[in-house]
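Participant: Input: one structure, supplied below.
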Amino acid sequence: VTVALLSLAVLTPGGAASAAALPVVINTWAFRTAAETAWRVLELGGSELDAVERGCGQCEIDQCDGSVGYGGSPDESGETTLDAMIMDGNTMEVGAVADLRRVKNAIGVARKVIEYTKHTLLVGESASLFAVRMGFPYEDLTTQKSLSLYSEWLNQSCQPNYWKNVVPDSSKSCGPYKRPEEVTYKEEQTSSQRSVHNHDTIGMVVIGVSGNVASGTSTNGAIHKIPGRVGDSPIAGAGSYADSTAGGAAATGDGDIMMRFLPSYQAVEYMRMGTDPTVACQKVISRIQKYAPKFFGAIVCANTTGSYGAACNKIPGFTQFHFMVSSPLLSRPTEQVVDCI
């Protein structure tokens, strides 16, 4: 242990310190209370899964940046719905919920999917009914803020939205939309509608002192999404991935683009092959860039030695990515920054 605690932090090419000590907690964005909560769980003897659940759950309570938990990101009908997942890197079990309605603790429900079912992912109204069976109360996820966001959007002719190739013209009107009789397909724009001010997700990786890995995510998804939309967050290998033989990763950003590349799974596989976590993160971002050069996104990575890193795609207004790290090498959970590539 003494040797581990004295390990030097190495500055990697992307600018993120790659430390080597366990345990480690790493999460997307400067969500400090989430990091502190997860670290405290470990200090008190809780499991890695406990730390992930409580850490991400803290963001649900705090409504981190309006993009996690209740009262944010209303969909086209004005409703806030939640997506979350949690993964056990020892057993490779995953519990996830998507389009969860009227239940606030999405990652708590996801944990119950692991504990009380043989399934991996539950969605929509059925996920809410499951949550109630598990003892979670029905609660209104709408707030005055989410209602205001929805009203402003309606007053701006429902801009921006996620429709394309429909009539009436979705760039000028609220619809209802339908498929035109003759379709003239426009090239899909690969630039993201999300920005640094609309973070989209908390993703967290926890690696315990014995090298056990857990990961998780929680989000209320893309603001003004088409009802029923599910992004990367609750999808294993996309939103996050944990494997106690290699490490863990968690992604954030434009989930509609990022989920197509399973970035968290890919990053863990790079680390399995011995790639440094920062480089693994960078390779994942570079892979997506080839198809969507203007996408908004970032990823955090950590391996089973306690080394960690992060990477992000450089676009106007988003040139650095802030994330949180907790480690024995740090006196307290610490915000770190990486330059985007």
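Note: Cβ is positioned from N, Cα and C throughout, glycine not excepted.
Unlike curated entries, TrEMBL annotations are predicted automatically.
Take a look at what TrEMBL says about it:
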ACT_SITE  T201  active site, nucleophile
BINDING   R229, V230, G231, D232, T252, G253, D254, G255  substrate binding site
SIGNAL    1-21  signal peptide
Participant: So how many other Cβ atoms are close to G253 (substrate binding site), meaning within 10 Å of its Cβ?
Facilitator: 31
Participant: Which of the listed recorded positions (T201, T252) has the least company, meaning the fewest other Cβ atoms within 10 Å of its Cβ?
Facilitator: T252
Participant: Round to the nearest Å and give the CA-to-CA distance linking R229 (substrate binding site) with T201 (active site, nucleophile).
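Facilitator: That comes out at 15 Å between the alpha carbons.
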Participant: Expressed to the nearest Å, what is the distance separating G253 (substrate binding site) and T201 (active site, nucleophile) at their Cα atoms?
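Facilitator: T201 (active site, nucleophile) has its Cα 7 Å from the Cα of G253 (substrate binding site).
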Participant: Find, for the listed binding-site residues G231, G255, the residue with the lowest Cβ contact count at a 10 Å cut-off, counting only other Cβ atoms.
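Facilitator: Per-residue Cβ counts within 10 Å for the binding-site residues G231, G255 bottom out at G231.
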Participant: Quick one: among the binding-site residues D232, D254, which has the most Cβ atoms sitting within 10 Å of its own Cβ?
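Facilitator: The largest 10 Å Cβ neighbour count belongs to D232.
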Participant: Checking the spread of the substrate site as listed (R229, V230, G231, D232, T252, G253, D254, G255): what is the longest Cα-Cα distance, in whole Å?
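Facilitator: Spelled out: the longest distance between any two Cα atoms in R229, V230, G231, D232, T252, G253, D254, G255 is 16 Å.
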Participant: Expressed to the nearest Å, what is the distance separating G255 (substrate binding site) and the residue listed as 'active site, nucleophile' at their Cα atoms?
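Facilitator: With distance taken Cα to Cα, the residue listed as 'active site, nucleophile' is 9 Å from G255 (substrate binding site).
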Participant: Find, for the listed binding-site residues R229, V230, the residue with the lowest Cβ contact count at a 10 Å cut-off, counting only other Cβ atoms.
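Facilitator: Fewest other Cβ atoms within 10 Å, among the binding-site residues R229, V230, is found for R229.
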